[in-house]
Each structure stands twice: as structure tokens, then as C-alpha cells.
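Down below is the structure, laid out as C-alpha cells.
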């Protein structure tokens, strides 16, 4: 299918004639998928028919541009190259109804300079690009030795792991309180009453006349549909936290301050939005140390984080300089070198307690710099190794901040495999890992190849409502000696109720749940692995976890979680390298048995 489409597209570009085969292929392909925007908004969570569509379009169109550009006799090598490339992209966009013209044009204008740089300076092909970008069955190709690597670790004398890590920590009166904010996604163009159901990836910004008096009108405090947060909601959330929690010791902010208007980003816009949000945190919490990390939405162009040697025209250095200027309010001066190098740092929060903040957008499959040279990310991981080694020798405990969960299907498997090697190696030094990105209140247990639990990643959910989520934040109780998380609580407000009350009444934030009261008071890796066993044996317990994972959101609860959803929910808890799923398979086999033998009826 890819070869035929690419061949016919080349004929069309060369002759201007749409052959019957060309029209048949494009018509059949366009009609095969399920919905206009689904693959644009959730490209890594598609059904097989949509996976097929995305993979074929990706390979064929990248192949067309690649062949056209690299043909010395073609226009793309001349002064008209940019115009010809845009013509190809826009034709495919409209012919296959990929997105609106405005979105396609904005995405092309932002990303083409870097794609052109790749085509001029590498031999990367369409199969490689689409295999990295879309890590699912249809697009997978053989291993990429050019992009594979192994970290050289000095761990030969490490003792064998023969049991799961169990620290036995419990709550005390002296515990630290850490606020976790993530995925704030402030939209400066949000307009209450505007159209909340639109053809673009982000709505609630315009077309108010079409929405007035209908159910499609955006709510005042936010909207469950494809919308981010207005400033008055962001500010109200921060103000509430300041008033409700006077005992916060530290703040973790794990990325994605910028909105989902992915076709209209710019350095200027991103700077204004980011600065507004972060400065408000500093204003309300002037004496609380803030430790941030970078989300994929902070970059312009979106998702792209270059190596240091990239030329100025396509370099990310502007972002790192900007972030250091803001972050330096709380971070020590010696973090400057690594922040400017790649947006990562380490800092001593207090004697014996170290923070390591990674820019793991290195592993994000939407970061096209992976295609350029996947081994570039080895630099940061080796720094990570050396920093952990120094912490181990100094008897320090470490908290790791990173935007993406390592087992997410958007995180490149080679990176997550090596990251997990480090987690296993330094399991006694690492006391907690904290992520965002998924917009779900969840966690992930890290395992050895032998099935022993050695670490836990905690995911803080999201402040934004995008999509179908109640706004939330999380507070961790942390044992002050070993820095283990001994409990956490999630706070939300119900968006339906808040919008019903309107602008005259602030949202009513409430404590949705305390983890120890609903599940277990043993939050060690061993304790949480045991909890996963209980969830596999008791589907009702897993159902409760899913409800909290979805932040008790009205539309989510009405839809429910069917059998497939329950299996995926449990599996995700036990996967931290996307292609290493042994523990997932063990647990889901138990869950299937439990479901088959029970009388539980799952909503569809």
C-alpha cells in the first residue's frame, strides 16, 4: 500500500494528472479511518484501522518528500524547495482530510525547517522515521543498530537482587510535604462560552456565536472536551493550594505548562505563557523551593529538543537559556552548565537529599532529533549515572523528576531500557521517581528481569482538563530520613459543579482520596507490587483504582471501564519499558481468571 501510494503520488506531482489508481488509493485510505482528528490528538492510542492509516500516510508522504528532495533534478533542491514541500504536505492534508488547513499549515511552517535539515544532513528513510514516531505494530521495522546503545556501567561487583525492595516506612509527625504540579497547560486564548467542539486539536477559543445557548459552549472554569485552562482557573488553583496547605516543604513541577495549540507555537508565545504561570507560583510560594523539569510542550517547534551541536537555526538553546533565567530563583548556580547544555540538572535540597531533574524528552518519539542520531541521548544518561554514583558514595537519597513515564508508549524503548538499568543499579539510592505527561493519577512499578520490584514512579495527573479530566494536584508525605513516599493524597474539583455555579463562585476543591486509606499504607516497591497482586485477584479494587486514575470525572464514570480497559489499566502499572511486559502478562492472566469467575459486570 505504501509503495503504491508513494509511486502514484510521485506521478501526480510530476504530471499533475490524477490517475484512477491514485484516486482509488487516496479515497480508500481516507475512508478507512475512524474519525477526523483521533490520530492527531491521540496518535499513540489508536485502534488498528487508524494505526494502519497513520502508518501508510506517514511512510508514503515522508517517502515522497524524501525522494523528491534527494533527486538532484527536482525542484526541492532549488530556490522553490520550501514551496514545493509545502504544496506536497498541504495536498496530502486536504486530500486525506488529515486536519484542517489551518492546523496543517501551522504544523508544516513550524517543523519543515528541521525536517529539511535532516533530509540534507542524514540518510534517514521513511521507514525509520515512522517506526520511531509511531511505535505500534504496523510501523515497526527491524532493530536499528545505528540508534541502539548500551551504557557502560561499573556494576560488576553488585550483589544479585533476590527480593523486592521493602523499606517499611510509615507516616510520622515529621514527614515532609511535597506538592506535585504537572501538565498545567494554560491556554491564554481560552474564552468561556466559545465553541468546545471543533475540528482542531484544541478548542474553547473562538466561534462563540456558534456555541451560544447550546451544549457546545465552553464552561467558565474549563471544559471536559479538547480544551486547556483559562488563566482565572490556573490562578484560582494556585491560590487555593496556598490557602489550604500552609505546610508545603517543596514543590515539584514536572512539565507541560504550555497549551495544546500545537499548530501555533512560537518562542515569544511560549515564553509569555510559561513565565506567567511559573512567576505566579513563585509569588504565592516565595519561601518554598521549586524543582521543575521540562515538558514536551515547552519547545518550539513542538516536541523538538536538539543536541548542542545543532546549528543556531534549529537549536533548542533559546529554551534552555530562557528556563535557566526563570529557574535560577531557586536553583544553585552550578546547575547552569547542564541546563544550558540540555535542560537537566541536579541540586541538593538539603544535606542527604538530592534532586535530579532529567529532560527525558530525549526519549519522546515525537522528538525528531531521535532520527538524526539516537545515540546522542547517551550523554545525558551517562551524566545521570555519574550523578547517581556520586550520590551513592555521599550516602544521599535521590528524587528523580522527569516529564515522561519511562514505560509510556511515547518513550523510545532503548532509552527506557537503559534508564531502568540505572534504576535497578541504584535502587537503594533512589527514593522516588515523579512524572507527568499522561494526565492520569497513576503509578508504575519498576521490576528486575527476575520479577522483583525495585522502585516506584508516581504520576501526578494534570491540572488541565484536557481531555475529560477534573483538575487535580497531589501532596506527598515523605519520610524525612530515607525520603521514601509513605502516603499521598489527591485534590480535585468537580468541573460540572463548578461550571454550573459559574463565575460568581470559586470551584470547591476537595480531597478526593488518601492512598493509604483506600489501598495500602505500604508504598514501598514490595508493598505496591503486592497491591497489584490484590488488584489482579479483586477486580473491584482495580475498578476503584481506575476511578481515581480518571480523577472521578463525570464523563469518564458514565462511560465506565470495560474488560479491555481494566486489563490495560493493570498492565500499565507494571510496565516501565514498553517492550518488557513479563510482569504485566502475569498480572493480567490472573485478572482474566478473576473476572471470568466473578459476577462483576463492567460498563462498556
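Glycine residues also receive a Cβ, built from the backbone N, Cα and C atoms like all the rest.
Unlike curated records, TrEMBL annotations are generated automatically.
Annotated domain 'Saposin B-type' per TrEMBL: 51-143, in sequence order. Look at TrEMBL and you will find 55-139, 58-130, 93-104, 198-203, 204-227, 363-411, 561-565 tagged as disulfide bond. Taken from TrEMBL, the feature Zn(2+) 1 binding site applies to 183, 185, 256, 439. As annotated by TrEMBL, Zn(2+) 2 binding site applies to 256, 296, 403, 437.
Just so you know, the Cβ of residue 363 (disulfide bond) picks up 27 other Cβ atoms within 10 Å once every protein chain is counted. Rounded to a whole value, the Cα-Cα separation of residue 561 (disulfide bond) and residue 439 (Zn(2+) 1 binding site) is 17 Å.
Cβ neighbour count within 10 Å across all protein chains ranks 204 highest among the disulfide-bonded residues 93, 198, 204, 411. For the domain 'Saposin B-type' (51-143), the predicted model reports an average pLDDT of 79.
Residue pair residue 58 (disulfide bond) / residue 437 (Zn(2+) 2 binding site) shows a Cα separation of 24 Å.
Counting Cβ atoms from all protein chains shown, residue 403 (Zn(2+) 2 binding site) has 29 others lying within 10 Å of its own Cβ. For the pair residue 411 (disulfide bond) and residue 296 (Zn(2+) 2 binding site), the Cα-Cα distance reads 12 Å. The subset of recorded positions (93, 130, 183, 185, 198, 256) lying with their Cα within 10 Å of the Cα of residue 403 (Zn(2+) 2 binding site) consists of 183, 256, given in sequence order. In sequence order, 182, 184, 255, 295, 297, 436, 437, 462, 463, 464, 466 are the same-chain residues whose CB sits within 8 A of the CB centroid of 183, 185, 256, 439, the residues recorded for Zn(2+) 1 being left out.
Here the candidates are the recorded positions 55, 185, 203, 204, 363. The one whose C-alpha lies nearest to that of residue 437 (Zn(2+) 2 binding site) is 185. Residue 565 (disulfide bond) counts 17 other C-beta atoms within 10 Å of its own C-beta, drawing on all protein chains shown. Neighbouring residues of the recorded Zn(2+) 2 site, listed in sequence order and excluding 256, 296, 403, 437, comprise 183, 254, 255, 294, 295, 297, 361, 364, 404, 436 (Cβ within 8 Å of the Cβ centroid). Taking Cβ-Cβ distances under 8 Å and a sequence gap of 6 or more within the same chain, the neighbours of residue 203 (disulfide bond) are 194, 195, 196, 197, 218, 223, 225, 226, 227. In terms of local Cβ density within 10 Å, 130 ranks first among the disulfide-bonded residues 55, 58, 104, 130, 561.
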